[in-house]
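In what follows, a structure is listed as structure tokens, so that the remarks can point back to it.
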């Protein structure tokens, strides 16, 4: 299992979660690399298998090979801060097929991951994009932006296919692992919607502002925020299934379920969660230990940095062909140092749909 974190101080951190020798229960976070990869704060990271990417306020995407603990190149198509990144890897494969990125000027860029060639740039928002989520099919993505809008991008045709106003600005949007539902975060509220028609299923109240969220297996949704706690919501009942009240002494800026869409191929545990806080601490938890008064983390690492984002993968790190091709494409050797279309309203054309907006 691999974890990658970005920091305000421009540093990228890589860790590998390993079991200690002669112990099946004790885990340790082993450092893989740490260096200033950007010239401005890092705003987003993404990981799948041995491929990792980071986006910064320097308008640049950096690419990494975790199996070699090396940076292999840069992507410079964006003209504003890179605010969100997502790899798409078809379920049978551990290597990514595409990289999708979003930026603070309202643009979404799509890359072929072999060898990270820019395919197209789409502009679904009039203002900056806060987050994006790619459907498990890889055929579309949802985005939310500072224009208080939700947009759907058709990744097959390379255009925006849906756009609607929200009642307020959303900071996070995510599909669940099956793609049948999606959720959005607006301050301390988390709303769960049906993907087919955007119907509101539940509205979850976190009490304090939510800063990060991640879908899990068994219908769980993990959230973290300003209160330093982690909550696991049962999306069937809309109630809290597990909770760690004092997971961190500072704001939780990133959360990763170390299993999920890649759990079948990896060695992840659907109840194992990693979290990162703004005071530089990364912790790994078994969410089932919340019955204890003060649960102890399974592993912990302190970066002494102001962490801004966290990503991870339960797939084993092996050099994939796309990274090998990318290293040659960028002139570097790896060394250490039918289309799915949900019905979001009566009309899925490029309009602001009042009917869907009422549910949202």
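Going from the start of the chain as shown, residues are counted 1 onward.
Just so you know, glycine gets a Cβ as well, placed from its N, Cα and C.
Quick caveat, the model's predicted, so the values are computed rather than measured.
Per TrEMBL, repeat 'WD' is recorded for 35-74 (among others).
A Cβ distance under 8 Å defines the sequence-distant neighbours of the repeat 'WD' (220-243), meaning residues of its chain 6+ beyond its ends; these are 176, 181, 183, 185, 188, 190, 192, 201-202, 204, 206-214, 249-255, 257, 270, 273, 275, 277, 285, 287-288, 290. What TrEMBL records for 220-243 (among others) is repeat 'WD'.
Residues or ranges marked as repeat 'WD' by TrEMBL: 272-295 (among others). A Cβ distance under 8 Å defines the sequence-distant neighbours of the repeat 'WD' (272-295), meaning residues of its chain 6+ beyond its ends; these are 3, 5, 7, 13, 15, 17, 27, 29, 214, 216, 222, 224, 228, 230, 232, 242-244, 246-259, 301-310, 312.
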Model confidence over the repeat 'WD' (35-74), averaged pLDDT: 95
Counts by DSSP class (helix H/G/I, strand E/B, coil) across the repeat 'WD' (35-74): 0 helix, 25 strand, 15 coil
